[in-house]
Amino acid sequence: MAFTDLLDALGGVGRFQLLYTALLLLPCGLLACHNFLQNFTAAVPSHHCRGPANFTTAATNDSGAWLRATVPLDQVGAPEPCQRFTEPQWGLLNPNTSVHGAATEGCQDGWVYDHSVFPATIVTEWDLVCEARTLRDLAQSIYMAGVLVGAAVFGSLADRLGRKGPLIWSYLQLAVTGAAAAYFSSFSAYCAFRFLTGMTFSGIILNSLSLVVEWMPTRGRTVAGVLLGYSFTCGQVVLATMAYLIRPWRWLQFAVSAPFLIFFLYSWWLPESPRWLLLHGRSQIAVQNLGKVAAINGRKDEGERLTKEVVSSYIQSEFASGRTSNTVLDLFRTPAIRKVTCCLVVVWFSNSVAYYGLAMDLQKFGLNIYLVQVLFGVIDIPAMLVATTTMIYVGRRVTVASFLILAGSMVIINMFVPEGIILEKGGGSIKRSRGEAGRAKGGPALKDVEEKSEEISLHQMGAFALKETI
């Protein structure tokens, strides 16, 4: 008898499973806000050099005449963002006059920013433009490095300490470090707290997925996996809405972090994975938790008949075949597993390069950034529906291959779209990236969802960590 048979006997996909899944997927949705948060907190508004402070007319820095005389124009007629004339060129105030070869210099006195759309971002606060523009991308890379480290740390802790403990800690760590990133006025401190925030991404996703799967009967696992993907999709729409309503970056950073304190408080109610408890000799706690679940699902009588011996009998096959511990080396132990692992590395890497390369710099689309963020979320809905349907009726291998071919084709086609066609190019890019995202979520991830606990352990230490290596 399999452990899922016991879950079926205690109500299957009952009230407990529905409530439990909802409580775990809600934080996963808000994680998307942190993943793509720098699209708004690190947005780059229009800017140009501030005029020299030693000129008596510097008080007119923002006037059109002063700007025309002190800042050269670029190829499209906009003020150069990183250059100014060493001396004001008053002759340029005459519309029929042009100046060639005038000496220029960098923005030694700082920049003037357009605050009409973004009142304050980390770019305007710490002047992350021109020579310092790479620091903006560095901050995002540090966050993703935290995701990678968190996958290894929290994946290992989940196998040793259980799923619930690391999940609770991840909620608290995200709430604290996310709020701290909004509070401190140092760029280095901001990056440090973003790194710690990134670590919690893995801790929450890995342990939430494990808990949902290990409390869910087999017939509900695929749907639960799809809902996990949709929660992430909804999170992107929520981010766009919150960013539109809350423009200052510090308040937006705080707004997407504070709810995790609520998740931290109610997560104490969530029961630990019964499979993990049984595999680690804590059968009495497992019996108590299963009894409570049976009562919530309206199967109180079945719950009262449970004993340690009865419950253990449902997991004997896993006792017999389970290893005492798993390491990342298990992903390369046999030729078959080794081949699958290498294929997944390539699939996740290509998916992440294309998807995150687009999704984390939406300003390059040249469209309304709030609308583009919503589109990135909404277009995931049909993509995941198609992926889920083809997985059920066609198979995972064909689904993965088809979406990879589609994604690659869109990448190649996009290379030949003229730059001037902004709308079409942006739409094609979104479709391309979303095709890859739907393929990745619909393929390997949902396949892992349907496996047993020991394979989820390897999934934690392998597939998700590999996904975030870039």
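Using N, Cα and C of the backbone, Cβ positions are placed for all residues, glycine too.
Feature annotation from TrEMBL assigns domain 'Major facilitator superfamily (MFS) profile' to 94-470. Here TrEMBL flags 18-37, 142-161, 167-184, 225-246, 251-269, 336-358, 370-394, 400-423 as transmembrane segment.
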Non-local residues, at least 6 beyond the ends, that sit with Cβ under 8 Å of the transmembrane segment (18-37): 143, 171, 174, 178, 197-198, 201, 204-205, 208, 211-212, 215-216, 224, 227-228, 231-236, 238-239, 242, 252-253, 256-257, 259-260, 263, 266-267, 270, 296, 359-360, 373, 376-377
Model confidence over the domain 'Major facilitator superfamily (MFS) profile' (94-470) (mean pLDDT, whole number): 79
Considering the transmembrane segment (370-394), which listed stretch of 142-161, 167-184, 225-246, 251-269 counts the most C-beta pairs under 8 Å: 225-246
Beyond the flanks of the transmembrane segment (167-184) by at least 6 residues, Cβ under 8 Å: 27, 34, 154, 190, 193-194, 196-197, 199-200, 203-204, 207-208, 211, 249-251, 253-254, 256-261, 263-264, 267-268, 270
